[in-house]
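> Can you read through this structure? Questions will come right after.
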Amino acid sequence: MGSLPSQLDYTPMSHHMSILQEVTGESSVEGRLVRSYKRSFNGFAARLTESERERVAEMEGVVSVFPNMNYKLQTTASWDFLGLKEGNNTKRNLAVESDIIIGVFDTGIWPESQSFSDKGFGPPPKKWKGVCSGGKNFTCNNKLIGARDYTSEGARDLQGHGTHTASTAAGNAVENTSFYGIGNGTARGGVPASRMVAYKVCSETDCTAASLLSAFDDAIADGVDLISISLSGGQPQKYEKDPMAIGAFHANVKGILTVNAAGNSGPVPASIESVAPWILSVAASTTNRGFFTKVVLGNGKTLVGRSVNSFDLKGKKYPLVYGDVFNESLVQGKIVVSRFTTSEVAVASIRRDGYEHYASISSKPFSVLPPDDFDSLVAYINSTRSPQGSVLKTEAFFNQTAPTVASFSSRGPNIIAVDLLKPDVSAPGVEILAAYIPLISPSEEESDKRRVKYSVLSGTSMACPHVAGVAAYIKTFHPEWSPSVIKSAIMTTAWPMNANRTSFEPTDVLASTEFASGAGHVDPVAAINPGLVYELDKSDHIAFLCGLNYTSKTLQLIAGEAVTCSGKTLPRNLNYPSMSAKIYDSNSSFTVTFKRTVTNLGTPNSTYKSKIVLNRGAKLSVKVTPSVLSFKRVNEKQSFTVTVSGNNLNRKLPSSANLIWSDGTHNVRSVIVVYIGDYS
């Protein structure tokens, strides 16, 4: 914050942008600037890392830099964070939203949850051709319009996972929800007026390919508009051996987009499991809300850790015991401090963060401290005759730091199709509060007798239904859009994640790269008006597979019909919204080209100019031909070529850039990535 300069040619926003450019090293900082204050005082809100915040604070003319705080009632905030505000604060097309049907392939659903009540709903859309076959004591309604079970357990959710993901995508707005007062507010999905169908493909013991393919088969015939699948196979598979890819291919041909979790095998490089171009693959990232649990020591010092701790020790202090192996009889009535373990008989546990960076639930009071704070706690214990402490109840805090990709979120590169960037986008997947089941405890520990209607989970499983909700939101404004158009709109309007971020985890070298976040963080409101889109159809995907040297026999396994390849198309020339190429010789210079075609969905008589923004100090030369595209009418197509050249690529990090087509209103951004090696 500071005073307004008196120069006549000064404009606050341009000055704020130049500050951000200087401290971030990025030439394009639109995604960083949250708000510019320019009437009564001079300041701005921005997404910054701690090191960037420190650099701003040291700049001449800067009076103060402080974290953003929120003084309003806490809410279940992931959809607010994405820009889809509650009630009338977001543009909606409710009549069409009520006709959207989302199929969720998961562990089933808890039909009695308020998130799936049909109060205020009319009959199902006429296009619905499915059934309610949920088993004994399972009833559908005008919100949850159908259910199918492939496990012989019935469609009722016995694990909580499916209920959580379904309510995240399209659950009703339910007021005054929380986890024992933590995160209190209104729980809701992205498209609360839409309809839902539960396809139970996973039981408590297995989750088979046969069940998954059966669900695809039924869902396509039932008339769903979108499919959300928060499941992964564990290892990336060749497309002809990947049931997810095969089922999603057929859904795509029928105009149904499949949204899939990227996987939770991060931060290991090349661990991305959702790798087909006809699937929208979703990474998990943080939001502007976190759950924090304070540890108060006997000397008055307070340390701040992470957990979802509903227990309140009322400030009472207990003896602290440090070690990694305990005699349970010696820790009763005490608080255990350990790098790895917790104790069921201790009053509470304090653990060292193993680079998880998210809050989880336990059956006893506990907090997970950052390494430095944990070491400080151990030093206090070792230097104090009778060390004591207490663990407080969790509080939810809001901040305005830039979201980061979760350490557990699977990373690229794509080892099945090396010239196809995966994941596609990132979305909230850390500490998400959503509907749960009353059958099991939220900690899933047998000693925990608590039962809740709403609980907090983290994973790409939680990120996936956010993007399914975004896709459904787009479809309410554009029912005629194909899966590839919706996918393109989501990817090209996503805002870039922090390309200069330093990872929390020493081994997570890819955290700040597109191999973690794909095209970037989803922006639902921008995605309904993308300007230009990259369209794809079945023939394009067949040509892509032919370019991977698939035989007619192998192609038939995927397409389900006889297919003959005509000519050879390089996989990197698939008309995808992102561009990626693996380079095989790092010591010599290289030149690689990408061919793309865009369709104008903006306004007639529009002209788009290209702009290249290099990331992370990439030493690339990028040329776009032609550099200007002029459209006379809507739905007109124009083609262009991107030529990327360079030498001596970094073997540890991909080199990347952004291609931005702008007509002054729309900024259509495509990520360009070149890399060497497989990082595995």
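Each residue, glycine too, has its Cβ placed from N, Cα and C.
Among the features that TrEMBL reports, active site, charge relay system is placed at ASP106, HIS161, SER461. Positions annotated as domain 'Inhibitor I9' by TrEMBL: 7-74. Taken from TrEMBL, the feature domain 'Peptidase S8/S53' applies to 98-501. The feature domain 'Subtilisin-like protease fibronectin type-III' is assigned by TrEMBL to 573-674.
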> Would you kindly give the Cα-Cα distance separating ASP106 (active site, charge relay system) and HIS161 (active site, charge relay system), rounded to the nearest Å?
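Their Cα atoms are separated by 7 Å.
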> Work through the active-site residues one by one (ASP106, HIS161) and point out the residue whose CB has the fewest other CB atoms within 10 angstroms.
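Each of the active-site residues ASP106, HIS161 was scored; lowest Cβ tally within 10 Å is HIS161.
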> Compute the C-alpha separation of ASP106 (active site, charge relay system) from SER461 (active site, charge relay system), stating it in Å without decimals.
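So the alpha carbons of ASP106 (active site, charge relay system) and SER461 (active site, charge relay system) sit roughly 10 Å from each other.
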> Just to be sure I understand, if DSSP states are collapsed into helix, strand and coil, how many residues of the domain 'Subtilisin-like protease fibronectin type-III' (573-674) fall in each?
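Computed counts for the domain 'Subtilisin-like protease fibronectin type-III' (573-674) are 1 helix, 61 strand, 40 coil.
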> Tell me, how many other CB atoms lie within 10 A of the CB of SER461 (active site, charge relay system), whichever protein chain they belong to?
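So the number of other Cβ atoms within 10 Å of SER461 (active site, charge relay system) is 26.
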